[in-house]
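Heads up, the thing below is written out as structure tokens.
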């Protein structure tokens, strides 16, 4: 009996010892797994010892970094190596011996490899997080065998393929995050697979399907789902039905932005938990459900921007809203008569009308208020008294008039943009007393007098020493007077200084060279005299002092800028070793610019297209620093909340990453081509944007200098140059070569669509192609890219916010690609990426120069003067191109000399940039027409249209202006002095015609002989007919018939 008791006691001791011991199999599995891991800082393996270093091989290795054991059984239950700077190709099959592993978390490293099916054999796993790495391949179907799994995060990797079936088996799953991969599947089928989940983030993938689903498809998650993010996918069809959306009783966050969801929104009924609703960048239309703006739904954030909503918004009585974005829709009527509560309000890009002063009645006290690009009128209320917290104010591009109100109190204004209105009178002194102001844009108004200064020399243009934060000052296109003071150098942080198109005078102070951060300086179209100061900031990428009365020698450090930075005007300004500028056509005649609307048009390109966009992003970048994430992804998990701070960046990557000889300065500010709120408001909800994450892994976030110049057209400095006027966006001068850095295939989620079978290339080949900037336009930026085989392409990057939805874009691109004509440069392909800044058009690169270069480039003269017969040949070939397009009911839409290329040796015409408006949103088309109008090529009927769109007859008008330019060798933007005062080109030609002196208009280079004088007069008569009123204007076939009948 005693032997039996002894045996039982020893057996119990052995059993107890084994229950608290790690097995050798587990240790060996761990050590095998370690072999694939490297520390990126030391390039060594992670410091796990082998079993020989353990005092007792059966002891749990709790001292190994990231390893945890069960205190009761001793088995390894957790491997947590989050954000340790590790890399390596992991072999997940080596973990099969860890049969009791509960937590495997490897996020935020640089691991790669495939997730093998055997991982599904570790049925004890409860938490699996492989996010923010480089894992690739399909998600194995056996992952559905992890019965105990409650948290699965595979986001921000390179997984691809279909969504695996069998997720219905994961009854314990509460959080599913697969965002930023290449996974596809029908969202309706996926909803059917999920059971009891609370958090679902499938954003930035390729999921498709609609949301108008039967109740049985969503019944398994309708009671539990709290957070749903399907943004940046390819969803189409309708939104949830009224019945189905009403079944989600616990839903807190819904983000479906950047899809193709269409139709009207249903009534939302009772949604007691809904706090964030983001439906921006879809195809929704109809009325905005009123309950979304009332307190019945406790929304904190509502973003319906960039859709097609219509109707009026009478009142907004929600007491919970902190962010409301209804921008870029078709909303109309008066501004809401009441607005209870909100911190960020964006109603821009609609057609709201009425008196802007109604905002004084609002109870809301916003930090950010954007009412830009509407039809508002009336006078501006004093916002410092109405909104004490206001830091960002934009009312640009309206019809608000009267004098500017004074600002006072403890306001902390960061950005004020009142450009493109009808303000008059003096600028109040108080605008220059807010030390926090970083950006002030009062351009394109009717302001006069000096820029005020609180000091003894108030009559001069001075800058306050107490104004250290100013980074952008744009007062262009007004009637300001006075001198530029010597102490302007106190604006130490200024990056953009635009004082063009005013009546400023005096000499340029030498203290301009103290503006060490200056990137853009435009002092053109004033009456400055004297010499240009030496040693201006070397990093400037936009510089223009043309149309002044400067003299002396151009400083050596400025001689890399093109001639259009200095001329026309400045007839006494010279450059050693070069022929002086031809001043015979000098446009700096006294009083020229202030007596003509065209000088104002020219400045629109800088002040409107660039500054207005950029200002809005300065503004929001500042505002975002004051907002906190109130609801992060990790609310539904046990992860550290610090992880999502990277999604709060204000910058977004450009498709092209430049590396050039232009020095780039760092800045605390970041600028984006996207909208004021839609790009960055996701930080409020903790929902990441695809773009923000790419800047983490794919390319550095764009700094202020880079995007500053993308959005702010250079005033003929290094970055771009003029085609007929000093501020136009034509590609007259090339930049230094830069590298075209498209995301490589392992990161490039979009597709190349070929419209011509003869073109064959891959995204990888495009990504490594050396490229140089050719120019910028209202559409975006133009590059020349050289492929591996030497073939050269012209790549047009389309600016964010201009492009139609993918289906419409593809349909129209196919039509444009089908156009085949010997004088038309064909569209060969296009690239469509998941991010808005990834829209590219590809065509063959042409050797040759634009018609604008042949007509106007004279410093030095690079081209022989064109004869009348050569000019007539150009006109006929352009008309033939237009006839081809018009026969297919497709207007060119952007016809100007910079889009007419003359190929050697016989100056054969090749037309470019045609029909691009068909790929653009209505706002993008309107912006293109605005720029056409600024340059003088837009038909008058387009300027007065509420929703302008290019027509066949507007092409004829533009052709008529170009024909006048061919015959007169004067630019459409020229201001010409005559007996009746300063007039533009078309008015001058009409006047000459009325007075019977047509030959006075003809260019001296071709008007000398009598042989072709009748032909020249006949051609000029054709041009005049082309610019008649739309009802009297001939069609292009009639124009071509007349031109071909002229002898030359």
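Backbone N, Cα and C atoms are what each Cβ position is placed from, and that goes for glycine too.
Taken from Swiss-Prot, the feature ATP binding site applies to 774, 775, 776, 777, 778, 779, 780, 781, 782, 796, supported by sequence analysis. For 716-733, the entry in Swiss-Prot reads compositional bias 'Low complexity'. Here Swiss-Prot flags 768-1045 as domain 'Protein kinase', drawing on sequence analysis. The phosphoserine feature in Swiss-Prot is assigned to 744. Annotation comment: Swiss-Prot describes 696-733 as region 'Disordered'. Under the heading repeat 'LRR 1', Swiss-Prot lists 100-120. Residues or ranges marked as repeat 'LRR 2' by Swiss-Prot: 124-146. According to Swiss-Prot, the repeat 'LRR 3' annotation covers 148-169. Per Swiss-Prot, the feature repeat 'LRR 5' maps to 196-217. The repeat 'LRR 9' annotation in Swiss-Prot covers 298-319. Here Swiss-Prot flags 320-342 as repeat 'LRR 10'. What Swiss-Prot records for 412-433 is repeat 'LRR 13'. The repeat 'LRR 14' annotation in Swiss-Prot covers 436-457. The annotation repeat 'LRR 15' is assigned in Swiss-Prot to 469-491. Positions annotated as repeat 'LRR 16' by Swiss-Prot: 493-516. Residues annotated as repeat 'LRR 17' in Swiss-Prot: 517-539. Residues or ranges marked as repeat 'LRR 18' by Swiss-Prot: 540-560. Residues or ranges marked as signal peptide in Swiss-Prot: 1-21.
For residue 780 (ATP binding site), the count of additional Cβ atoms within 10 Å of its Cβ stands at 23 [all protein chains shown]. Around the Cβ of residue 774 (ATP binding site), the number of neighbouring Cβ atoms within 10 Å comes to 21. Sequence-remote contacts of a segment are chain residues at least 6 beyond its ends whose Cβ falls under 8 Å from one of its Cβ atoms, and for the repeat 'LRR 5' (196-217) they are 155, 163, 171-190, 224-241, 243-244, 247, 255-256, 261, 633, 636-637, 687-688, 690, 693, 749, 834. Summarising the environment of residue 782 (ATP binding site), the number of other Cβ atoms within 10 Å of its Cβ, over all protein chains shown, is 22. The Cβ neighbour count for residue 776 (ATP binding site), using a 10 Å radius over every protein chain in view, is 26. For the repeat 'LRR 1' (100-120), the number of residues in each DSSP class (helix H, G, I; strand E, B; coil) is 4 helix, 8 strand, 9 coil.
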